[in-house]
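Student: In case it helps, Swiss-Prot gives these features for our protein:
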ACT_SITE  104  active site, nucleophile
ACT_SITE  107  active site, nucleophile
DISULFID  104-107  disulfide bond
DOMAIN    67-179  domain 'Thioredoxin'
SITE      98  site 'Deprotonates C-terminal active site Cys'
SITE      105  site 'Contributes to redox potential value'
SITE      106  site 'Contributes to redox potential value'
TRANSIT   1-48  transit peptide
């Protein structure tokens, strides 16, 4: 088995010298071998946070995004596994619970609708958001399999469930059933 040494640098970032084991005799051109590959500096699979903060475009975009602190952005209080009983099941008013996750696109789509309804029905309904990533026990207990899922509770009992990104009219109709 003959070993050939490639001494010319290929157009992609590979070591300048590499040994290729081959059984046929003869030579080949590294330019011909790599000419079918696109010009590239390789893939970066990891990005450091420090490099992101140095990029002004990325840091500008990052400042306007609020995922984990969605309750701060929306004004709707958060409920979790530990506060579920006291805030939802023992509530005096009907309760509207939005089961969501920060990565969920449809959850982001209905968020402005839920905020608008929370303002409209303030004093008649209590509105809460439950992050299913941070509090997985409660969604499991109530059979939440997809998000967004909206549940309405009256006197601690689940009365209605709406699954998916639905219209404002659909949500308002469900709320009006329990006023």
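Glycine residues also receive a Cβ, built from the backbone N, Cα and C atoms like all the rest.
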Student: Can you tell which of 105, 106 has the least company, meaning the fewest other C-beta atoms within 10 angstroms of its C-beta, among these recorded sites?
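Tutor: Candidates: the recorded sites 105, 106. Fewest Cβ atoms within 10 Å: 105.
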Student: List nothing but the one residue from 104, 107 whose Cβ has the fewest other Cβ atoms within 10 Å; the candidates are the active-site residues.
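Tutor: Each of the active-site residues 104, 107 was scored by Cβ atoms within 10 Å; lowest is 104.
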Student: How does the domain 'Thioredoxin' (67-179) divide up by DSSP, counting helix, then strand, then coil residues?
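Tutor: Looking at the domain 'Thioredoxin' (67-179) with DSSP, the answer is 41 helix, 28 strand, 44 coil.
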Student: Between residue 105 (site 'Contributes to redox potential value') and residue 98 (site 'Deprotonates C-terminal active site Cys'), how many Å separate their Cα atoms?
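Tutor: Answer for this pair: 14 Å between alpha carbons.
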Student: Is it possible to get the count of other C-beta atoms within 10 angstroms of the C-beta of residue 98 (site 'Deprotonates C-terminal active site Cys')?
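Tutor: Here the count is 28.
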Student: List, in sequence order, those recorded positions among 104, 106, 107 whose Cα sits within 10 Å of the Cα of residue 98 (site 'Deprotonates C-terminal active site Cys').
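Tutor: Of everything listed, what lies within 10 Å of residue 98 (site 'Deprotonates C-terminal active site Cys') (Cα to Cα) is 107.
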